[in-house]
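Features reported for this protein in TrEMBL:
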TRANSMEM  21-44  transmembrane segment
TRANSMEM  107-124  transmembrane segment
TRANSMEM  136-155  transmembrane segment
TRANSMEM  161-179  transmembrane segment
TRANSMEM  191-215  transmembrane segment
TRANSMEM  230-247  transmembrane segment
TRANSMEM  298-319  transmembrane segment
TRANSMEM  331-349  transmembrane segment
TRANSMEM  355-375  transmembrane segment
TRANSMEM  396-416  transmembrane segment
TRANSMEM  689-711  transmembrane segment
């Protein structure tokens, strides 16, 4: 089933006015840039990320770290498989830096993993973007990109080392698989597998997002009578999930040293725990928590996402009443995951922001669809719609203002978060100076324990410890570091003391303040010190401040300043400005005394720790080494040793040269930095504010240009004339991968009723598609087709209908079948028929709630259940019963060739579907020995199939001579069930009353959603003796037959009937001339009337 996105009440634009769209590469760059900014600057939002994932990874990589009760083998509700994969990435990437003894390799590993997560998220976003572009259209995909890039929620979720973020990645891959109709038969299996990966390795509850897609597949399979295939796809996906779960269980059991199924333990704890256990003991929130949170993180897009389902229903039930209900079901499935997820977690008492991460892609998709629908209807230029009266400038303002407002709010909130709460990631930098901290030192955390950014931000060997604060719950302990003989990673399976799952405080987790070498503390004007949380920063007797970074004081800042970034500019009222506190890392005076006592070299180095001179901060270690060597050079004992060394002079020269280079570089950097600061200070500009404002300005300009280009591209409302498709068009078709059709937003214009059409009196059109000789041109003969003339019915309808019905019963799949790969295209064709026929022939067809009714035959067609009068049929069979045409659908394969994968060929006369089904375009023609195909037709035909667009239908005509009176199958070339058929078996020179003129009218059009190329083949069948009564026909037909070359003559069987036919036609032409019915040379004047 090919999804049909909501349609706009306008036609598709010309290539020259094509709306701008992003390539997959460009979208990846946008996603990656936004995510990498978040990875390097976004603060960690949740202490659960640090203590449950960063710390275990630190243990695996460095042998020590903090351990939560969830990792105790007694409870085992965290997966070592998930943590181990990330730890392995860090280890592999940081191995070179560790070998080189790079002092800050741990910090590099921290940011490396965040960058990997950011790029991984960008890849998943790009995959979903590409599928949305193919399944819906470029506009929906562009909106999806904008939402994902500018929304503050993604700046938190994209680089987070959390199972919910990992589940978000796999959810995007799963959704992409479910929506990707080019994925073929096993797309459901692929989607289940991806979401199973996120559920097993990440978060088990993410598996709920698979339910709408599986339900849709099962319902569709049931209605199509192929429920067995749906069960098979689901079971295969479930089998993949079980294999993954078994692998994970084996790995986790290895670490825990007992059989554990972590996803099961997570579900049991979170769902079936009660009383003093379970997630609710960590806090509960009101039902509207997620509404407020998502409104902050996605602003207007959240409300558009909530409006998706109502908008889809309005679109299908009001604006597109004739649209099939199957399309409505698909649309509901596409928008339902977000509602499902929001409902599930809204009713849970314990709520956290990260629980919404897996639904962020669904939110963005819903919002993009809603915005697309609003623009499609709001941008209508149909004079029947009131909105068409609104001037374009007003429309631009109405659309642009909310969009720009959303952009500004999103960016300002993101910048506000980055600037307000980044202190914990920056305050630990002085510890990496070798003169400040050394292995064995302790960094204590009191009231700031929950903002600790992990041991990756501490030098190797420096440990974090907790001191008592006002918090009275259970803090993390430490992974066991028991000695040898216990195997690999003993801390993963040794049961730690003092752990419980009831959040009961364990005094053993604290150390005394006297054991602290460093302290992390904050001083906020709106917070008063207590006995357990004294102001350590003010205690200058015992503590010295190493680094102090501004930190937002939420209690003193206006709500506007808490929500978005407010620049500290003079015209901003003081009550609206953000209020700041101090976030500091302190050192004990005893620690200071220890360093000073080591000698003057260390004292000289301490001046380099000053964090205010950020430009010169890159040099402290080099300067320390130079100072260190200089002091030792003055030591007579060291001098003697160096003097006795053969390398003394070279060494001294190198040290002095290095010292000079460092001094010079530092001098210039300091001077430049000082000058820049002075300039900015004189102009009243803050450096960070200037940088953020510049980035905001650039993005704002890009958004303005994009919207302007889009609106300009959609000014035209008329469809251009179809070019001659046998020649190369002046416009290139959009580039796309082979075998992939990006769904088009084009909608066929409504058909006007056929004037005075009657089932009994409307005669068939007199097609006579032959041209006078002497030259016979082999071409495709394509012409532009008016949309109203797509399907032609006449007073022979019931005759054709009866004959086709008997052929369906008699021939079955030999004459009508659909390959699973073409099933979506067949459904789209059925949908088009049900829409077109009641419009064009309202006296014969009537639209119903589930499809259409044939008034003449009493047949009821249900396009949702794929039934005729309650009996399930192939969609191509349903289509065949509605019209007089034969039908065929060509589908592009991955090699770029087109294959006949669906057809209802019941009246072909000279060829059988069973012989051609599944063949490529070339093989179809070469197997039938079509004259001139390889020399004259193949290249142009291949290009035509590749370039044809949904808005440019074409039509062509051809003709044959038949020497029997059977419309469905010409028995003169052999039995329909014979192995060998051909003109060789036809009786030669049969009497003229056995000669029939067989004319075909073929329409070709591209289905906009699935990209299948549809042939409708209407056959007109008349005795030669009948059409020869028409003026000029005998002479023109005789001239055309004589113009056939030898190859065309063989193909059309001229040798079997030519003598009799031409003799008769010549005689009839002479008679018409004699009677004055025609005049000599008059045939030339009729050539402009082709094909009549």
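Just so it is clear, glycine is given a Cβ too, placed from its N, Cα and C backbone atoms.
Owing to the predicted nature of the structure, the values given are computational and were not obtained by experimental measurement.
Proximity of the transmembrane segment (161-179) to the transmembrane segment (355-375) is established through 3 or more Cβ-Cβ distances under 8 Å for residue pairs spaced 6 or more apart. Between the transmembrane segment (298-319) and the transmembrane segment (331-349) there are at least 3 Cβ pairs closer than 8 Å, counting only pairs 6 or more residues apart in sequence, which means the two stretches are in contact. Among residues of the same chain six or more beyond the transmembrane segment (331-349), those with a C-beta under 8 A of the stretch's C-beta atoms are 3-6, 175, 179, 205, 208-209, 211-213, 215-216, 279-280, 284-285, 287, 290, 305, 308-309, 312, 315-316, 355-356, 358-359, 362-363, 365-366, 369. Ranking 107-124, 191-215, 230-247 by CB pairs under 8 A with the transmembrane segment (355-375) puts 191-215 at the top. Through the fold, the transmembrane segment (107-124) approaches residues 28, 31-32, 35-36, 38-40, 54, 57, 61, 86, 89-90, 93-94, 97, 157-161, 165, 168-170, 172-173, 432, 453-454, 456-457 of its own chain, all at least 6 residues removed from its boundaries and within a Cβ separation under 8 Å.
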